[in-house]
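The annotation domain 'G-protein coupled receptors family 1 profile' is assigned in TrEMBL to 43-294. Look at TrEMBL and you will find 27-50, 62-89, 101-122, 134-160, 204-227, 239-262, 274-296 tagged as transmembrane segment.
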């Protein structure tokens, strides 16, 4: 891309269109957004409160799950309320600073979730492959350090995005065909060379989310190798059963993103509104489904929630 020298006025406000081509259906589209957000709020807040209140759940796997629920709350709250404002009130205006803030929290939280899923895979690896040293390897101090490392990594790799976007002049259209601000979607509207943005964004993706996914695959490869060497069928089923919830959450996190990337790269004839809907699925599905998956699959969490609901029902 040739250098672009620009000395004119740069846009300081953008207009988010929502889902282009489906403006007439925005009210109906808002219903699954609203319901998903309510489920995500209720489910993740409940999960956090149950894990904090129940001492028997103060184990590494559940503490990591608590971190994941907090990240889900941030991710959904960063995107869905603005999307609903667009659908209900056509309030698509957002300042450049607001847009950059949304970019930071979306990408930082997404990378944090990837790091937490990697930590959960490591937890399952130690629990199954080295159970005698489980409490030593994953002490509460180690868990705190892992949590801090996840947050610091997300902050450090995404903070440059803020400056990379802020430095760009926006002299073209300020209308963004999306429900939220995304780094490259915004950068493409700049009247300047964005190669640094492109290459930095790709390097961040490869060094965080892709690397995490590879390490998770390696962890589960080692787990399966250990599980299939267990002497009894019951022991194998029990070991695999402890991984079921985590595998479901991993699938909900990575598969929509992979499918979105494939359609963006190779689906030139796919309508724009389909791309936008898929991108929103990546934001909506994990926060909504994660607490449901763990609530159904984890007996301690399920029993605690049912007990709380039962006591509330008796009080009423």
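Quick reminder: no glycine exception, Cβ is built from N, Cα and C everywhere.
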**Q.** Long-range Cβ neighbours of the transmembrane segment (62-89) (under 8 Å; 6 or more residues past either end)
**A.** 16-18, 26-27, 29-30, 33-34, 36-37, 40-41, 43-45, 47-48, 51-52, 102, 105-106, 109-110, 112-113, 116-117, 119-120, 123, 140, 143, 146-147, 150, 179-180, 249, 280, 283-284, 286-288, 290-291, 294, 300-301
Q) Taking every residue in the domain 'G-protein coupled receptors family 1 profile' (43-294), what is their average pLDDT? A) 91
